[in-house]
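Asks: Per TrEMBL, the features are:
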BINDING   Ile6, Gly7, Ala8, Gly9, Asn10, Met11, Thr32  NADP(+) binding site
BINDING   Asn54  NADPH binding site
DOMAIN    2-97  domain 'Pyrroline-5-carboxylate reductase catalytic N-terminal'
DOMAIN    160-268  domain 'Pyrroline-5-carboxylate reductase dimerisation'
Amino acid sequence: MKIGFIGAGNMVRAIVRGAVAAGLEANEIYLTDKSGKSAPALAGEVGAHALADNRELAQTADIIVLGVKPHAVADVLKEITPEISDGTKLVISLAAGKNLASLQQATESNVPIVRVMPNVNAAIGESMTGIARGSAASSKHVEMTKKIMVSVGRCLVIDEAHFPIFSALAGCSPAWMYQIVDDFARAGVNHGLTKQQAVAIVAQAMLGSAQMILDEAAADGATPANLIDRVTSPGGTTIAGLLAAQQSGLSTVLGLAVDAAVARDGELG
Ligand SMILES: NC(=O)C1=CN([C@@H]2O[C@H](COP(=O)(O)OP(=O)(O)OC[C@H]3O[C@@H](n4cnc5c(N)ncnc54)[C@H](O)[C@@H]3O)[C@@H](O)[C@H]2O)C=CC1
Ligand SMILES: O=C(O)[C@@H]1CCC=N1
């Protein structure tokens, strides 16, 4: 099965690197990009093929992944419509905010389309990816999509109505997590650690905490709030820090970040 990626920026690089590392055949991957530089660079790095234009890619591939920015998606679909309008190829869209109805309309035909929201942690096989099926796509198309995305992390088939919140919690949140680590690390620097030491300490604490949340939820349904109670000794340092952060609006701030991302998602459609 030949997979073509239109666009070779941050997200496509993450998926291609992660998928090839997980064993996807690089020889079956085709890439294009607007600058004519990032596709050949990525193809050279992983052993895939860079093609000169999107129509050639759409002719060649069985699965076409739209990896361009949301505002460019409609033009790209229009450009490749002659190659996909017979409905034999699967189109996968990564675009934030572009709903299935608008994607379907842009193809002006009954092309099978699956909408996907991955995150950049795909590069290390740790994406959290949402998948929703378009009206012309079958369960077989969903399975084909899952097969690619499972190679770079966890997948959930979700109702398309939940894409904006999924996008905030899974697509955007890596950037917020990186920011949180950077903020903690800077506080560590303020207390005498080097930035490198502080980043390594906080990142490992975040990694362990995330794994603990997943493991404990699976084992006995423990929630993050239950885990907090295990760390906060009465009269201790953790509860002092936690209350100080909450009094300064930590929970409100995180909720506002999610609300802003969901609102912006609605504007992209
Ligand atoms: N970066 C992220 O963490 C995530 C991004 N996404 C989605 O992935 C898509 C791509 O985002 P990024 O990789 O961050 O953007 P990017 O700006 O890093 O990459 C965009 C790529 O598209 C290429 N491009 C633009 N117009 C083109 C055209 N007409 N034909 C061929 N190539 C063209 C550019 O040359 C570039 O390689 C977006 O729709 C975004 O919503 C989804 C989840 C997470
Ligand atoms: O910021 C963006 O629009 C994309 C979607 C999710 C993560 N990055």
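Numbering starts at 1 and runs along the chain as displayed.
Keep in mind that glycine also has a Cβ here, set from the backbone N, Cα and C atoms.
Since this is a predicted model, take the numbers as computed values, not measurements.
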Asks: Can you check what DSSP calls Gly7 (NADP(+) binding site), collapsed to helix, strand or coil?
Replies: coil
Asks: When you measure from the Cβ of Ile6 (NADP(+) binding site), which residues in the chain that are at least 6 apart have a Cβ under 8 Å away?
Replies: Thr32, Asn54, Leu57, Ala58, Ile64, Val65, Leu66, Gly67, Val68, Val76, Ile80
Asks: Which residues of the same chain, at least 6 positions away in sequence, have a Cβ lying under 8 Å from the Cβ of Asn10 (NADP(+) binding site)?
Replies: Val120
Asks: Where does Thr32 (NADP(+) binding site) sit by DSSP, helix, strand or coil?
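Replies: Going by the DSSP assignment, Thr32 (NADP(+) binding site) falls within a strand, counted as strand.
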Asks: Have a look at the binding-site residues (Thr32, Asn54) and report the one with the fewest Cβ neighbours inside 10 Å.
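Replies: With the binding-site residues Thr32, Asn54, fewest surrounding Cβ atoms within 10 Å: Asn54.
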Asks: Listed NADP(+)-binding residues Ile6, Gly7, Ala8, Gly9, Asn10, Met11, Thr32 - what's their greatest C-alpha to C-alpha distance in Å?
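Replies: The NADP(+)-binding residues span at most 14 Å between Cα atoms.
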Asks: Count the residues of the domain 'Pyrroline-5-carboxylate reductase catalytic N-terminal' (2-97) that DSSP assigns to helix (H, G, I), to strand (E, B) and to coil, and report the three numbers in that order.
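Replies: Looking at the domain 'Pyrroline-5-carboxylate reductase catalytic N-terminal' (2-97) with DSSP, the answer is 46 helix, 18 strand, 32 coil.
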Asks: Determine the Cβ neighbour count for Ala8 (NADP(+) binding site): the number of other Cβ atoms within 10 Å of its Cβ.
Replies: 26
Asks: Would you say which of the binding-site residues Gly7, Gly9 has the most Cβ atoms within 10 Å of its own Cβ?
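Replies: Of Gly7, Gly9, the one with the most crowded Cβ is Gly7.
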Asks: Near the Cβ of Met11 (NADP(+) binding site), how many other Cβ atoms are there if near means within 10 Å?
Replies: 26
